[in-house]
Amino acid sequence: MSDYKLGLDYALQQDQNDELKAYRSHFHIPKDKQGNPWIYMTGNSLGLQPKQTKAYVNQELEDWANLGVEGHLEAKNPWLPYHEFLTESMAKVVGAKPIEVVVMNTLTANLHFMMVSFYNPTKTRYKILIESDAFPSDKYAVESQLRHHGFDDKEGLILWKPRKGEELLNYEDLESILEAQGDEIALIMIGGVNYYTGQFFDLKRISDLGHKHGCNVGFDCAHGAGNVQLNLHNSGADFAVWCTYKYLNSGPGSLAGCFVHERHAHRKDLNRFTGWWSHNKQTRFNMRDEFDQLTGAEGWQLSNPPILSMAAIKASLDMFNEVGMAKLTNKSKKLTGYFEFLLKTLGEDIIKIITPNNPEERGCQLSIQVKNADKALHNKLTEANIISDWREPDVIRCAPVPLYNSFEDVFRLVEKLKAILNE
Ligand SMILES: *Cc1c(COP(=O)(O)O)cnc(C)c1O
């Protein structure tokens, strides 16, 4: 979009016209010791706290204080079905049907539980394909699954790599890998939005391609949930997992989400690890019955969940539900487009944006490579109250989050970057 303009006035005017501008005041924006607000660009790492979260968590603390165990049925939001209060909103956020979504466990744990069901290696088809710059936890998880099944974790792991001198992944390369080795691959597991480059993959294209070659396909959407329109149902993926503490603003280490495609909802043949929370709700408390599998994604739950964490998720999802992903991504594209526009004025010989320039192939994050930069640059930004994320050797990741970041934030960030580079 070329109608962006330079100057603070333009940024302030965009903030004025922003239909989501009220939401910034619904968040706690951290401040320095003098009371100046931070320019917080790390919602991709830990989202800020919605002001209403405290009341949601307090409600559960009070019900626990007043009702003890009776809270399971008598709390204002009864704890027994509490996860169900999150399902519909979460399904909307990720573009899924309610039967396909559950909030449970934590992210890497869910990834393992999904692999129990969807990584079914045989002697000839046992390999796992991931992107070469996968998030470390995901790589460790799939390597350990290979070892768990008795395979070599190097030989069994296939990496989808960028071409020489490039950062982004190319679908033709994925097609070539699958043409050559598709019948050896049991599972394709890709970060829906790559945490490092910010590349948002075409989930449907990857799912279709994988399925054509007989592979199961799953996505880690930690950097996608609440950031981009995932359309998980239509993607046809077998499963997806994500956390809620990044773009979903649900607090450090909060519970994670899990998607299992509807076509698997009633399958009893799938291998899985189970617990009493995977058992039919009507007879769960009879305690002595034979195991009776719950249908849908809920059937992958194991334990009764931590309600305090779920209350924080509910506080956030109620806000997402109110705004909707359409408005959110609409603002996000404008805000990140503006960020890109300003960065380009610094000179493309100094700044290289490795995130795709097509707004459909990215979320709000831009990963910026700064020529000859080292961590000192990042530290100077931090001293100036600009919170960004540094990845060795030379990449700064910045995520202007549409719910609470402003055009002014973006303007001030780039001004500071310019000042530091001119020092
Ligand atoms: C943030 C993130 C994780 C972190 O995993 P936890 O189990 O929540 O600690 C894993 N994978 C990806 C892709 C992530 O972005």
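Even glycines carry a Cβ here, placed using N, Cα and C.
A C-beta separation below 8 Å, combined with a sequence spacing of at least six in one chain, links Asn304 (pyridoxal 5'-phosphate binding site) to Trp79, Trp276, Trp277. In the three-state DSSP reading, Asn304 (pyridoxal 5'-phosphate binding site) counts as coil. Taken from TrEMBL, the feature pyridoxal 5'-phosphate binding site applies to Leu107, Thr108, Phe135, Pro136, Ser137, Asp138, Asp220, His223, Tyr245, Trp276, Asn304.
The N6-(pyridoxal phosphate)lysine annotation in TrEMBL covers Lys246. Using a 10 Å radius centred on the Cβ of Lys246 (N6-(pyridoxal phosphate)lysine) and all shown protein chains, the other Cβ atoms total 25. Under DSSP, Lys246 (N6-(pyridoxal phosphate)lysine) is assigned to coil, being neither helix nor strand in the three-state scheme.
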Exercise for the section: Work out how many Å separate Leu107 (pyridoxal 5'-phosphate binding site) and Lys246 (N6-(pyridoxal phosphate)lysine) at their Cα atoms, rounded off. Expected result: 11
Exercise for the section: Enumerate in sequence order the binding-site residues Phe135, Ser137, Tyr245, Asn304 whose Cβ-atom distance to ligand 1 is under 6 angstroms. Expected result: Phe135, Ser137
Practice task
Count, for each of the binding-site residues Phe135, Tyr245, the other C-beta atoms lying within 10 angstroms of its own C-beta, and report the residue with the smallest count.
Solution key: Phe135
Exercise for the section: Give the sequence-ordered list of residues that share a chain with Ser137 (pyridoxal 5'-phosphate binding site), lie 6 or more positions from it, and have CB atoms under 8 Å from its CB. Expected result: Leu107, Thr108, Leu111
Practice task
Starting from each candidate's C-beta and looking 10 angstroms out, tell me which of the binding-site residues Leu107, Asp220 has the most other C-beta atoms.
Solution key: Asp220
